[in-house]
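Report on the following structure.
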């Protein structure tokens, strides 16, 4: 080093330290710049609020949308990931918008250079050179299109790529891209324009959705079909030229019709969707256990019944798999009208006689009781309580099977009196049923046998699922994430033998349409009607599913004559016909005691009312049988001279008068003689005729009406 340079370094204060190499200075500068970038990144992170403020979605178990909820800013911004898109749509999107998406850090220098060259040649902006990541930055933070805005978008794009994967960024675009009006994201557009999920788009539909975000207003197919078609067809030709699509697929896509209007987004199971949304953070995608296809069919069937009711009446339905307890269809009401938004599947109501199967089931376990045990249905007073039957009469000595199938009240109250109301109520609560008494401080009493408590359709339906599951109590499941046992402990409602007895009895209950159960789907069911005809119920189970139906007015107004058998049971069987699997009737478990011809009951089980007059009357009376029409006969509906149908005379031999006649469980008017009766069939099909004498004897015949 020359003396002159040494003197200069001395003046600069560097002589002692030595000369600092320029490379070191450059490294220090780069480090300082990096620290500045990190600091700016920490101080000004990407604003993800628009992406986070998404529509809440409720889906079925397979991911199909049941209901979407609009965002606070009024957009249908439905969350979507790249895995939910049709691969053809993604391929066309990347080929059209950013074919080097997976190879650049958020900014594509080649695309920017090309855009600058095109602008110089044409004297105007031909393409912006924006990558998909830059477009996401603009969608997250909309701002005027200026040079400064473009620089900010570039910086934000680099920032996004540093924090998120390519898959995440693609998902942001698929959620935020504008598709006209308040539709944002490919899922919302696919559902609104085509009524299908994005995974099911055709090439023509996918092409339209690829081009639409470039000019969402000018290319809206429902408002500007010519521009929409031109953009779609141009893209299809370009994709065919690039080899993304075959020429045949492109031609087929160009021949597809355009949507002429926006469809409403899915609106299935609105009551359940509301319930699940309230329990989840905003913007969640909530999977339910429902089956969207079955839900549609159930809702359509329910609407057929709803249309026949007065405006203030509602229908609620629950369909559940017995083994898994997954709810497959859920209707809380119409969601219209004065009370339609009240979820009647979750509201506590009086179940009427629909509670009797559980009373008898617990009686089979704890009392000397069997389906063929005979019990007296005669006027009986329990303190200050004197129950009467629905038809106002009494039927004498009947079996427990007959008492439950005919829903007789006095035998049920007798069993509850012996079992104990507190014990019965305690077992229901023990397995998780949310039972409400008329007053919080009320003691359980004998009216429980006839539905003197509050229980929701969901809880009642799940109790019937317990019956169909051999008495095993399990929690009802609404979402796949609900682990068994999280809602209530794993307990037994009753033993397997008792549950089988109840199921066997209910499977023989006459059908509401007059059809015989022989050859039909195996269904065990029970109806119920609350006091004052306020609630009509029908709950039934097949070997695989349980269906619950409630019909009534949410405000509790009486509906005279609206009984469960007439209002709810026909709908129950229409819903059962929608179920996918017929299943196999349950086999008797070990311990079932056979009774009938050649199998006499032990004396302790023969008669429930020991020492009552009914037993001696039955012994003294001559054997009762139906003389006409005999069992298995065919009866024709014959019109008389005036066009009215001619009554069918019912005749019996033996027994002790007066005789009481029933057809399909419903009583006929008493005759003057107290012996025969006239019956006018109300339709074709099978009919179960029964006659009961004063001694409690009973005879049956099944006939076919032509």
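Heads up, the Cβ atoms here are built off N, Cα and C, so glycines get one too.
Range 246-265 is the one annotated as region 'Disordered', of 246-265, 266-285, 286-305 (source: TrEMBL). Taken through DSSP, the domain 'Penicillin-binding C-terminal' (617-704) splits into 4 helix, 38 strand, 46 coil. Confidence for the domain 'Penicillin-binding protein transpeptidase' (316-544), expressed as mean pLDDT, is 92.
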